[in-house]
Amino acid sequence: MIQNIVIIGTQWGDEGKGKIIDFLTPQVQYVVRYQGGHNAGHTIVVNHKKVTLHLIPSGILHDNIINIIAGGVVLSPVILVKEIQKLKKINVLVDDRIFISESCSLILPYHIAIDLAREKISTTVITNNNVIIGTTGCGIGPAYEDKVARRALRVYDLYNLKNFENKLKNIADFYNFQLVQYYHAEPIDYHVVMDEIITVSDILIKKVIDVPELLLNARKRGDKIIFEGAQGSLLDIDHGTYPYVTSSHTTSGGAIVGIGVGPKYIDYVLGIMKAYSTRVGNGPFPTELSGDIAEWLCTRGQEFGSTTGRRRRTGWFDAVSVRHAIKISSINSACLTKIDILDGLKYVKICVAYQSFNGEIIYNFPYSLENLKNITPVYEVLPGWSGRTTGIKKFNQLPLEAKQYIKRIEEVIGIPIDIISTGPDRLMNIIVRNPLNF
């Protein structure tokens, strides 16, 4: 029986994970975020109303589901409290349904300030390649830097606010020197930061729980758990398009580390992928489009970041990069989203391989940035469809060409597609196989 399922993105994020998690949540008892921070926006449509969350797990919109923010997440205290307040205003039950790990590292204003300062200058200290990453400006990277450098403030530091203030002052001095001397930016007043912390600290402390112990006991009881990934596999710090990546592990392995459970407690991995490709920010994008079709995908797909509002770059479905995501996360099956956005196109393309500058055909995703810059997609062209897929709930009701497109994607990525999303609403899905019913 499947008890624990990891749900991750197979592209560069924005694949529609939130909607699918929201759809599957009624079948589980827990939803757990394990990496990233509030740079991960997930938008869910319920009864034609959009709800956008950045930090709180998607399961919060269902009564009786316990939502956990595990230790691998970098947590903004202010953002968490704001999201809790926003949910309460729309009558979502929050109390006793959101818990956090005391080992979460905190995102504080100096992380955001240094993040924005780095992005403003023409070159960045994040890499040695004289490039701008195109971050969300949420302070995620600097917060993870503090974590690795062993100077981060964590949730458990809130237990003693006097000690917290002393540590805060030292770290603020560290960052203010950089902000003023190197980036010529305004310093952060640690007194203001401390005032914010005093305001929210009690709320956070009351939500602390021993996450590994809680989930171990849940498994013993036979409860089902969704481990909710943020961003996408191609943004993984080790296996993504480095240096144009996020600062955490976005693969299924990140769940093990970020939560504090062993590999044997991962029963299934579901990969979410769009029927086309998108990317926000800078970095390699082999199948990127320009012109009318790019505009079509962006406009019809509403491809604007839920965190930054930035326009997403769009391109054809890239089977090479998705196969890479499947390989590095041991993905069992896939969910294909936004098939409805392709309705009306005369043709659709699938990138099945790359061709190098010297004519070599490449079937595996390169790690080297230089190799990625010098490849050309090898496409298969399939007929488009004029019929509508929006809202269809049975596979055999899809237009013939849409079915052919989906089947061909299954063939070239090498795993089955269990779920097909046919629209933004949580119930607009074709369920070929329910991964939680195995």
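Glycine is no exception: its Cβ is also placed from the backbone N, Cα and C atoms.
Per Swiss-Prot, the features are as follows:
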BINDING   13-19, 41-43, Arg312, 338-340, 421-423  GTP binding site
BINDING   Asp14, Glu15, Gly16, Lys17, Asn39, Ala40, Gly41, His42, Thr136, Arg150, Gln231, Thr246, Arg310  IMP binding site
BINDING   Asp14, Gly41  Mg(2+) binding site
ACT_SITE  Asp14  active site, proton acceptor
ACT_SITE  His42  active site, proton donor
BINDING   Ser306, Thr307, Thr308, Gly309, Arg310, Arg311, Arg312  substrate binding site
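Structural mapping of features recorded in Swiss-Prot.
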{"residue": "Gly13", "record": "GTP binding site", "Cβ within 10 Å": "28"}
{"residue": "Asp14", "record": "IMP binding site", "Cβ within 10 Å": "28"}
{"residue": "Gly16", "record": "GTP binding site", "Cβ within 10 Å": "21"}
{"residue": "Asn39", "record": "IMP binding site", "Cβ within 10 Å": "27"}
{"residue": "Gln231", "record": "IMP binding site", "Cβ within 10 Å": "27"}
{"residue": "Gly309", "record": "substrate binding site", "Cβ within 10 Å": "9"}
{"residue": "Arg310", "record": "IMP binding site", "Cβ within 10 Å": "13"}
{"residue": "Arg311", "record": "substrate binding site", "Cβ within 10 Å": "12"}
{"residue": "Arg312", "record": "substrate binding site", "Cβ within 10 Å": "20"}
{"residue": "Ile339", "record": "GTP binding site", "Cβ within 10 Å": "25"}
Binding-site residues Gly309, Arg311, Arg312, Ile339, Thr422 vs Asp14 (IMP binding site), shortest C-alpha separation belongs to Arg312
In three-state DSSP terms, Ile339 (GTP binding site) is classed as helix
Rounded Cα distance, in Å, between Ile339 (GTP binding site) and Gln231 (IMP binding site) is 20
Cβ atoms other than its own within 10 Å of the Cβ of Thr422 (GTP binding site), all chains, total 24
Sparsest Cβ environment (other Cβ within 10 Å) among binding-site residues Lys19, Gly41, Thr136 belongs to Gly41
As a whole number of Å, the Cα atom of Arg310 (IMP binding site) is distant from the Cα atom of Lys19 (GTP binding site) by 20
Nearest to Thr136 (IMP binding site) by C-alpha distance, among the binding-site residues Gly16, Gly309, Arg311, is Gly309
If we take the Cα of Arg312 (substrate binding site) and draw a 10 Å sphere, the binding-site residues of Gly16, Lys19, Asn39, Gln231, Thr422 inside it are none
Smallest Cα-Cα separation from Lys19 (GTP binding site) among the binding-site residues Asn39, Gly41, Gln231, Gly309, Arg311 is shown by Gly41
By Cα geometry, the one of the binding-site residues (Gly41, Gln231, Gly309) nearest Gly13 (GTP binding site) is Gln231
The correct three-state DSSP answer for Lys19 (GTP binding site) is helix
